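**Q** Have a look at this one.
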Amino acid sequence: MDGTIYILGVGSIGTFLACELMSLPYFKDKVVLLLRNKERLGQFRENGSHLTLERVLDNRQDLVRHKVKATCSSELNVDAIDNLIVTTKTTETETAMRDYLPFLNKHSNILFVHNGFGIIEALNKTVWDNPYTRPNLYQGVTSHSVSFKEKFWYCHKCFGALKIAKVPRTVKDSSVPDAVGPCAMVQNLLDAEMANGSYLEYLNLLIYQCQKFMVNCCMNSTSAILDCVNYELSNIAEVKLLFHAIITECVDVLFKSNNILANSEKAKNILSVPNLFDLVLYLGFVENARNSTSMRLDTLKKRETEIDSLNGWIVKLAKEFDCEATVNKTITLMVKARTTINQRRL
């Protein structure tokens, strides 16, 4: 297999992962960016084919700049894509992947790193409905905070972690330990020091993903609706009540809709409402107090948000499994209204 890693989605996390892979001395020519169209590819080439990652962390401040290969679907000239990292927004992933599906096969390794739930499930329904012939799928969850500065230039503002697991082909497979270990693509990410990566059993990754999901469902949506930086939401009784209600609904829906979670005592203990409530307050108002969420920035820039993969995903599951999700439905509608209001403004 070709060792080249293709990255679809050159936003904050795509740039971060590309730069971390390029930092490996043996990997400089093995990263290829997949840009959305010829126009975007032309813009990248006009930028000297450079990606810039500015680290603004407590213990270090430096500038990382790499010249990276890039192409788009109409110019891609390979028989197959063996390794693919997908970091596009959840709302754009299915469309973005459409042109690359002919290059993927059951031997391909695909790592998804994004907010929310639903993308892998949707692709498995519409594209890879046979679990034994679909590509090797991996789920990644990151707590690194990376924000846009200017075109092809991003700032790494908060050091976090990257956690990865192989997605089981069936629910039955989820109870079987991954004896093979990470593929070469994932191992390369684990070797990149600043990515701070770890490889987990799927249940442990799912628990971590749910924790991150709760933070996003509370912080992203509320900060977007109220147009505020994270710390401005702290120490407000009404915000705490709202977060508690959001989390309570999410926990109920996730455990009723996911057999892997429902059958795990470990998941029930870690993903309790009190534990998640405390976690959201700490990560939102202490660790990331001065940050602005990606959803707030999307609404300010008049872009569509990922609300349908966060609170909206809970609403969709609640309907399917006959659960209550009125708070999350209200939050989803308000984020969409906020987006529309901003888009109408000059």
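Heads up, the Cβ atoms here are built off N, Cα and C, so glycines get one too.
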**Q** Please find, within the list 6-27, 226-247, the residue stretch that TrEMBL describes as transmembrane segment.
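**A** That would be 6-27, per the transmembrane segment entry in TrEMBL.
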**Q** Taking the domain 'Ketopantoate reductase N-terminal' (5-167) alone, what is its mean pLDDT?
**A** 93
**Q** For the domain 'Ketopantoate reductase C-terminal' (208-338), what does DSSP give as the number of helix, strand and coil residues?
**A** 102 helix, 0 strand, 29 coil
